[in-house]
Each structure stands twice: as structure tokens, then as C-alpha cells.
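Visitor: First the structure, which I've put down as C-alpha cells, then a few questions once you've had a look.
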């Protein structure tokens, strides 16, 4: 009749399946099996397009509808958009003018500084983008989740406006190419000046409408055209390089007519007279065809000459083009190396000279050129369309920047070495018969550049009109600016219809300005502000060293981000100090609006992490709510016990805490002094001093708390309830294992231990119990190789994943690898579990070996299990039987023994596989089962834990606090 004989009869299959986890069965509703968790998280990357509360995807059990948006890779999703935006209007329409005006040396300085700014920003952006899943919204998502909704919204709106006006700028550039170099006859309004601006407005509006319709049809069609547009760009750039090298051997037939040292615009004959008659230039300067007419004084004093507009690579013209030649609006372009009559008055506008249309300076050129390197965000703005954003964004962006930096820098040198300075300074090519200046160098024909630049500029405009609505949609879906809420809606497949409509209307305002040179400096401000805050976000996260800051991209440093911030700020004020102030005021107004009227959001940003270590103001902010998962770090309450001589019994426990904390976050070291407060006040002060000395020795920064209580369990309970202030409260309790509980005649030691486990569970605090703490390494021990093994049995918030990462930040554990083991039952697919777990770790940015251990369901419980259970029962059976009647005793024995056998079976089986796999590990982390709900089984609970950890040298029992402490999101 013994319950231990043939006890498998009458048990269904479910009991066999769960027998291996019987120790954890009472908490399965709050701490699910790992297999169940992985199964539910298998599709966690199927996020709907847009940035609407991506953290909601972490709620287990909520299934997200798979996005129907195109899933693009690095090349099509990031590299091509970046190249198209960078190789846009400035390269073909303004770079030659920048080189001619600033000179080769200063032009190299401008280009190099701008490229360094974008490269440093791209490095910071890559670190942020690889620190978790980056959904749609790109730069906005990264800034808002790193610096908070106020900064994110302010900079996001500014960057959205910049991207939208960039689309207008590209369209204006395309129309300029179309009307000036492709089909000049298409002008609707004849004449120059205002008439040309009106032509730009009409054709620009038509082009904007056509592009908006194409974007509305779908992003996939834009990307189909992307390869065509990029091909045009590549062909154009290659033709420039070929033409530059060909110019060393063959002459480019572009002559420039000069009167003295002044440049003449488009001409037929570069002379005053031809046999027996005057020329058109004579008529321009003399207002008559007669040879005896009164002519312009400078015309009379100087002769016409022709110079080569493209002297060639071997001509040495670069020596003349090294230095700057800044001039004021209305001045004529001059070549200083030619002789001239200096007694003549300044050139007048009616004469056919080439005049400067704008007053030039170094700062102006910086503001106009910088938008040409701002395409680095083109890929991140469409991160919702990327298959793997955290891989594609860094690779695609940095490759695009390196490619374009080489092209820009080499182009500056080639332009200066091949083209005459007066042609370079001629913005619209008037001196070379109205030919696009960069086209004069092209091989075999200028039309290669003209057609290529037109299509590439159109492509850049399309990319801007594709990225800007998605940026606005991401901001609207976050609901941080209430009046933008309507723009979060779109088509069934997520395309931002309403956001596209607003983008087109705002871009139309840019089209109506109709001047590329006036729009470019405004864009520079918005882009630089966005880049500044991207660098700030990366620098702040790196310096705070939050546990969630684990970028997969490792080639970053806070000094690089700080340098990028300085360059961005310097460029803002160099290009236009008043525009910089206006942009900051606009961003500040949006910031205050979101702060006072926007939706309340807590995204675990770096500002909140910074406030954890601030004073009163930060404490008051922390009172507003619990910290976000990304800001979670172990705030420790270390419970130490003192002996009769006021010496710490387990000082190595504080050593372990220091290794876990690495000097970050809150640490409170507490102890309970037995007695009455009035009588033992002096002892409490002595104990406090002892703990402070130990903390100083172990280099632990924190606070000491001593509580006087008659009973230790009451003192510990009071300490757990009262420790900390405001948001700076402990969330994790560290206490030692009562290793002499079996030999002790006083059961209070292990009863206090179990009571503390119950109190931490009730208070929703995590619990860490190092077993065999004396064997743990000291801070002075040299680092050794080995493994930290994690046995993930049930999921209770992710503590088991986070703790090894934190320990490995300390020098003692730095060389240790990480292995994660999880248990598969009979009904689990162990192969799929391993794949899901590997994917989960990839997105957590945690490097670890993964193994799924299959727990074979034994129908026959081993004799050893029965033996250990009987030994355990014999300790408490006597006292228990004395309190029960015979019938109650028999019934209670039957139920209790059956339950204890199952729990002992779990402990024995798990211990077997753990010892088998982790006998050589430097540290084993293991889920700590909860204590029994019935306090009569407390002694048995201690025995279960002993059996579970038997044969292991160093064990850390981990019990989560019931909340998530690790996340896959950025």
C-alpha cells in the first residue's frame, strides 16, 4: 500500500510531461516554460509598418499582423537611396562653382569637413541602429528612444521639414537642368530673372505632382526606378573621370572668350571686327555697327583673346585654382593671370560679361554644399521597409559615405586640375555656350552628364518624397503631437497616404521659392540639428553604459560622437548663425509643446537614465513612474550577517555585488542588529562603520542601512520595505545561502531565508542567492578562461540573460564565454526551440552558445529519488504526525508524499543534466524555484534546492521580480 510502489498508475500523460518541471509548477502562470515563451516570440519581428508603440510587441500573447510592406535588403533599401540622395543636384550643378570660388584647398576643406561630419554621424547612427530592432521612422525613432519624446519629436519634425524641402530642392535642380541645358525652348515665360523663376515654379509643380503620384502607387515602384537612376549617376561620374584623364592627351574644344581679363558670355566670334565688318560683340559694346562709333572705354583699351576652358590634366592649371576668388554680386568674372587696363570703370550690366549672381563667401559655400552629403538618412528613414534594419543601416550607410567621399574629394582635385578657374566660377556655363560646366569635362559628350544629372536629381527627389512621409507617419503614430494624429493613417498596406499629401503641399512651398541657392542653407540647418542629436544620443548612451546599450556595431566611441557634435554645431554657425538660431528656436518651441501638450511616453531614453544618478530634481522625475525595461539595471540590496564580534560572515558576497555592479547604479548594504534600538544603538553604529570599511575595501559605491529588530526576519522585512528613496529603490536582493542549515539545531536560520524569499516575491523584487560564495573569485584574482552557464528553465523577466552580460563587464569574468541551456519536454520541438533561442539572442545583441537539453520522461522514478525523498520526510514526519489524527495522517501522507516525489524527481533529473553539462563552468546561473505555498513544507524546500545544486562548485540561484528586464528594441 506504500505510495512509493508502482506510483505511475492513475497518472495521465500531462503529469509525465510536466514531471521534469514539478518544482516550478505552482508558478507556471507567471513564469512560463521557456519553450512556450520562445514559441510566442517566434514572430516578434513581424511589426506593422510605422513606429506606433513598438514596445507593445513585447506583450506576450499579442500577435501582430505580418506587414505587407516590401522587405528590402542592404543594397536596395539603404545603399542605393543614400547614393541617390548624396549624388544629387549639388554634385552636378554646384560643385564646380564651389571649387572655382573657394579654390582647391578650401574646397577640399569644405568637402572633407562635411564628409567627416556625416561619417561620424553615421558611426553614431550605426551604433544606435544596431542596439535593437529599429522599426519605421529611422532617425526619429533612434533619437526619440534615446533622448526622449520631447527631443525626438522636436528634431524629428525639423528633420521631416528638411527632408521635405530637400525633395523640393532636388526638383528645382532637375527643372534647372531641363530648362537651361536640355530644352531651353520649353520656357513659358521669356526673359531672365523673374521670368525664369516663374518657369521654375510651373514646371516644378508639375514634376512634384507626377513624383507624388508615383510614390503613392507604392515604394516598390520607386525602387524599381532606383536602379535606373543610379545607373545614370554611375555613368555620369565615370564619364567625368574618363574625360579628366583623356584631357591629358586630347583637347576638349571649349574655348572661353576674354576681353582683357574679363569673361565674355556666349558668343559667335571672339573679336572686335572681321574682314570689312564689325561683330556682334562690337554692337554690344558700341551700340552701333559703324567702325567710327564711340565704344566702351574698357572695350577700346583691351583686346579679345581666347583661352582654353579645359586646359587638361597635364596643363598645370591647378596652380592657378588653388586659391580662393570670392566676389560680390554683380561683379564680372575675371582671370587674374591675364593683362588688363586697370584704368577702366567697373563693368556695367548691359555688356555681355559673365556676372556673379550672388555674393560669395566661405560660409555661404558651406551652407550650399552641405545638403549634398545629407543622404545618409535616406536608408534609416525607411527602416520599416528593411528586412534586417540593424544590419542593413550600418553597412549600407557607411559604404555609401565612403563611396561618395572618395568621389567628392577626387572630383575637387580633378576639377581644379582640368578646368580653368573662370569656367569653374561660371555657375550657369555662360562662358562655354551655355553648357553645363561639369559637362565640359565629360567624355565622350556633355550630354552624358546632362541626361545623367537630370535623372539622378529626379531619383533623389523621389527618395526624399518616399522617406519624408514615413518619417511623419512614425511621429504621428507615436501620438506625441496630437494635431498630427491624422497623418498616422494610410492605405491598407501601411503606405502613408495622408502624410504624403502634407509632404507634397509643404514641398510645393519650396518649389514656389524657386531658388536652389536660397533653399540649401535652410536644409543645412535642419540636417545638422538632426545629426547633432544623433551624436548626442550615442555619446550619452555610451557614457551612461546602461545594461541595454549593447550595439552589435562595435566600431564606435563616445569621443567620436562628441567630435561629431562639435563639428555639427560649428558648421551650423559657420554657414549661417542667424539660420542656426532660428532652427534652434523652432526646435525649442516644438520641444515645449510636446512637453506640455504631447502624449505622455516613457521610452527608456538616456535622459531618464542620466536622472538616476542626479539629485533632487532627478528623484522627483523618477517618482513619475517605474523605469522602462531599457533603463532597468540591478539596484542591489545586499543582506550581510555579522557575528558576535561585529565581523561580516560572508564578505565575498559584497565582492560579488561589486563585480555585478561595476560601479554603476544603486547599492545598499544592509544588516540586522538583534535587540532593542535604545539599548543597541551603539552596536548599530559600529556595524554601520564595519560595513562602510568593507565597502571601501571592495570599492563598492553605495549606502549602508542597519536596522535594529528583535527578530531577524522582521528586520529584513522592514529593510526591504523601507530601503531607498523615490525612484532610487532597490529592485534586487542579494543574500547568502544558509550552508549550515542541516547541522544547525536552531531552525530560525533557514526559516529566515525562506521568509526572505517570500517577502521579495511579495514585493516584486528580484532575488540572487550565490551558493558556495566562499569559492567565488575575489577582485584581485586574474581573469581566467571558462564559461558562465545559464540554465533557463522558466522565463521570469530575463534576469538570467542580463546577469552574465553585466558580470562580463568586470575584469574577473571578462574572458568567460556564455552558454545558455534550456530544457525541452516531450511535446516540444527542440530543433525549433534552438533556432528561436538563437534568433532571440541575436536581437538581444548577446553572444552565447545555445543548447537545448531534452528531458526524457521516465515513467519509472529512480530508487535514488525515493531514497532522497524518504530521508527528507523522516526529518519532519514525527512532529507532523503528532499534530494529526490517524485518518488525517494517512490522507496527508498520501497527498504530500506524491507531491514530494514529483518535486524530488525534478531536482534529481535537473541536477543530473546540469552537472553533466556544466561541471567545468566557472559559474552556473539557475532559476530558483519558489517556496511552497504551504509553510509546512519549508524544510523540504531547502532539501529540494540542495539536491538541485549538488555537485556544482559555484551556483547563482536567480529569481526574477516579475517584470521584464531585457528587451530586443532600441
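Residue positions begin at 1 at the first shown residue.
In case you wondered, yes, glycine gets a Cβ from its N, Cα and C as well.
Not measured: the values here are computed from a predicted model.
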Visitor: With TrEMBL as the source, identify the stretch among 302-323, 324-345, 522-543, 588-609 annotated transmembrane segment.
Guide: 522-543
Visitor: Which range is it, out of 465-482, 555-572, 627-644, that shows up in TrEMBL as transmembrane segment?
Guide: 555-572
Visitor: With TrEMBL as the source, which of 105-130, 261-286, 651-676 is set down as transmembrane segment?
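Guide: Range annotated as transmembrane segment by TrEMBL: 105-130.
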Visitor: May I ask you to indicate which of 73-93, 682-702, 703-723 is given in TrEMBL as transmembrane segment?
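Guide: Result: 73-93 is the stretch TrEMBL calls transmembrane segment.
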Visitor: What range among 228-250, 734-756, 757-779 does TrEMBL describe as transmembrane segment?
Guide: 228-250
Visitor: Can you check how the pLDDT averages out over the domain 'Amino acid permease/ SLC12A' (78-269)?
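Guide: Mean model confidence (pLDDT) across the domain 'Amino acid permease/ SLC12A' (78-269) is 86.
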Visitor: Take the domain 'SLC12A transporter C-terminal' (651-768) and count its residues per DSSP category (helix H/G/I, strand E/B, coil), listing them in that order.
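Guide: The domain 'SLC12A transporter C-terminal' (651-768) comes out at 54 helix, 24 strand, 40 coil.
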Visitor: Of the stretches 105-130, 202-221, 398-424, 555-572, which racks up the most C-beta pairs under 8 Å with the transmembrane segment (228-250)?
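Guide: Most Cβ pairs under 8 Å with the transmembrane segment (228-250) come from 398-424.
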Visitor: Would the transmembrane segment (105-130) and the transmembrane segment (444-462) count as touching if the test is at least 3 Cβ pairs under 8 Å, pairs 6 or more apart?
Guide: no
